Every structure is written in C-alpha cells, then in structure tokens.
Amino acid sequence: MSKPVLWLRCEKKDFERRAALTPTTAKKLIDGGFDIFVERDEQRIFKDSEYDAVGCKLVENNTWPSAPLSTTIVGLKELEASSDPIAHTHIHFAHSYKGQAGWAQFLSRFHRGGGTLYDIEFLTDANGRRVAAFGFHAGFAGAAVGALALAAQKKGEKLGVLTAYENEDAMIHDIRAALGGSGKGVKALVIGALGRCGRGAVQLFRNIGLEEDDILKWDLTETAKGGPFSEILDVDIFVNCIYLSSKIPSFLTKEQIAAAGKERRLSVVVDVSCDATNPNNPVPIYDAITTFDKPTVEADVGSENPPLAVIAIDHLPSLLPREASEQFSTDLLPSLLEYPDARVWTEAEKLFRKKVAEAVQYKE
Ligand SMILES: NC(=O)c1ccc[n+]([C@@H]2O[C@H](COP(=O)([O-])OP(=O)(O)OC[C@H]3O[C@@H](n4cnc5c(N)ncnc54)[C@H](O)[C@@H]3O)[C@@H](O)[C@H]2O)c1
C-alpha cells in the first residue's frame, strides 16, 4: 500500500517560527516512501529552499483547505478561528481536549466535515509517555531569559524585547557577552531538574559557564520536606520546571521574600511551568504570564528591598525555533513513519472520537 501524503501547513500565529516537520525529518519521511508537500512560509525558521532541496513539493501559503482530502495536514498550533466544517485529517496541538475556550465549537467542525484530528499532545507510547514535546528547549530558553534578566538587573536595567535566536550558539554567545564573558560565579537552582524542561535549564546554565556546584538540581526528593524553601533565596536565579499535578506547599512566598530584606541574593525567578492562573501554583509571587515584548514583571517584595524580576513566558521554545523544531520533529518521526496504523495513532483517534462526541452533546 502506498504511504500517506503529508502536507506541512504554514503557522498563522504571530512570532511562531517553529515547524512540526523540518527539512531533516521531511527527508527521512521521503526516504521512507512518503510524499511531502510544504506550504511556502516566510515566517518559518527553515527556508522554503531547504525543503525544496530534500525533495518536498512546495505549494502556496495557507492553501491546505484545497488539498485533496486524502492528504494529512500537519502543523503545530491551532487552526485559524472559523466555523467552516473540517473535512481533512489534521495532526497538530489543538488545545481543545481540556475544556479550553471554544473547544466544543472547534471539535464540532470535525463532526460536520467528517475530518479527523490527531492531537500531538495526546500521542503517547505504551507507557503513557508523550512521544514528542518541546520541554527541553522551554527550560533551556527559560534559563537563558533568566540569565539575561540577571545581567540587565546588574546594570540597573530591565530586560528589553526578546526576539528569536537563529541558533543555540548565537543565544549562548549573547548571554555570555551580557554577563561579561561567562556565567561563572552565578548560582542557580532548578526545581523539576529531572524532567524535560529541567534538563534543558540545567544544560543552558552549563553552556554559559556556571560551575557544576553552582547549579542546584532539585526534584521530588529535595522538595519532599515541603516549602517554602530558604535555599531559593540564596541563589541568583531560581527556575521552576515542575509538572504540577496536585496541591503542594508553595516553594516561595512574597512574605518570605520580603522578610529576607536587603540580604537576599535571589534576583530572578523563571516560572517555566507557568501555572500563574492555577490555584495550586507553588510560585505565587506574580499574577499573569509575561511575553517576548515585556519579558519580566517585578514581584512586590517591599519598595526598600532589592528588585526581584519574574519571567513567566508560556511559549519559550519559540526563542530557539530551529533547534526546538529539530528536537521535537526528530522525536515525532518514528511515529510518523508508522502513520496511521500504529497504536500511537489508533489510540489518539479513539480519544478524538470520544472528545468529538462530547463536543456534539455540549450545550453552552
Ligand atoms: N513555558 C513554556 O513555554 C513551556 C513549554 C513546555 C512545557 N512547559 C511546562 O513545563 C512543565 C514541565 O514540563 P516537562 O515536560 O518538563 O514535564 P516532565 O514531566 O518531563 O518533568 C517534570 C518534572 O517535575 C518533577 N516534579 C513534579 N512535582 C514536583 C515537586 N513537587 N517537586 C519537585 N519536582 C517535581 C517531576 O519529578 C519531573 O522530573 C509543564 O507544566 C509544562 O506544561 C512550559
């Protein structure tokens, strides 16, 4: 039987430069017998010519609705808002299975059009682990923004607008320069250090020159005693990377920070987990997420005390679109090579059918 045809659509969200298929993974799929169409996209970090060079067929921007229905449309982010029925099969992060805003209207478009959705967030292996996620580069980029904010603070400034880096080397070079050549002497604490984001944060700190002993790596064992933790006040940068699944004592509180007065070393908090609106947020020192335009917010720690910058950006991997895409797409590749027959796809389709049935029943 001939292999399916995949169609990489453009991303329509501002600042989204990442891609679900990269020239590297597209080439491997083509070698595996797939036909790959790629919409031209100036926003994408990979040039159209890079896809062309490996044998992809280039098509015009945002033309997937006119693709043959036997084609599977691949992307990262949600489709543009519309009420049109959806007749194609789609693979992307739809953010519509946990009651998110507009979920029922979106899923009922598939019901009306006869299309299918494989939501990447719910592609899991036999052990229930997600086959592809962006965590490592979220932690890596989060720690990077933390280091840049520390450098700005040392100069009595606030970190300005962030733009995506061409690659990791450019990012590391920029941070080292901002810190006067190296991050040596900076001390950081990462909680959730054994997870995807946590490992990325630790790696960034290594790459910018922190001493290994100055990168404190905590996970469940270290937090088992219950917070708040005074140790957090004794580092320059604290990065929270945990996967929050239940109510836990706060790691850090405003009162604890204010009580530390002028002696506090902690200057920057990066909340990679970004559970700002979750009532169980273990870093309850800020209220809303921050953005590439305004990456930091000052925590209210008493006007006479040294400042404390908080970073809570919820799309951190976009800061390193090339490497983040490569890692993600490489992780997705083995599943794609088995598309659509393997368990990972049939289970995801079962979940989709269940969610669509719920959407059809749903009344606002
Ligand atoms: N800001 C962003 O751009 C961005 C991007 C991707 C993921 N995330 C978020 O980052 C979080 C982590 O994602 P991940 O993929 O790294 O998850 P993961 O499951 O790979 O890792 C989470 C780690 O946290 C640890 N952990 C859980 N509870 C803990 C506790 N109470 N004390 C100490 N350690 C604890 C776990 O043991 C695990 O090692 C998620 O909430 C995810 O949504 C944010």
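Count begins at 1; order follows the chain as displayed.
Every residue, even glycine, has its Cβ placed from backbone N, Cα and C.
Keep in mind it's a predicted model, so treat the numbers as computed, not measured.
So that you can see what the record holds, here are the features copied from TrEMBL:
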type     : residues                                                                               : note
DOMAIN   : 7-141                                                                                  : domain 'Alanine dehydrogenase/pyridine nucleotide transhydrogenase N-terminal'
ACT_SITE : LYS77                                                                                  : active site, proton acceptor
ACT_SITE : HIS95                                                                                  : active site, proton donor
BINDING  : ARG129, GLY195, ARG196, ASP219, THR223, TYR243, VAL272, ILE313, ASP314, HIS315, LEU316 : NAD(+) binding site
DISULFID : CYS197-CYS241                                                                          : disulfide bond
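Selection of the recorded positions LYS77, ARG129, VAL272 by a Cβ distance under 6 Å from ligand 1 yields, in sequence order, VAL272. Between the alpha carbons (Cα) of LYS77 (active site, proton acceptor) and HIS95 (active site, proton donor) lies a span of roughly 9 Å. Nearest neighbour of VAL272 (NAD(+) binding site) by Cα distance, taken over the recorded positions HIS95, CYS197, CYS241: CYS241. Cα-Cα distance from ARG196 (NAD(+) binding site) to HIS95 (active site, proton donor): 20 Å (rounded to the nearest whole number). The helix, strand and coil residue counts that DSSP assigns across the domain 'Alanine dehydrogenase/pyridine nucleotide transhydrogenase N-terminal' (7-141) are 39 helix, 24 strand, 72 coil. Farthest C-alpha pair in the NAD(+)-binding residues ARG129, GLY195, ARG196, ASP219, THR223, TYR243, VAL272, ILE313, ASP314, HIS315, LEU316: 26 Å apart.
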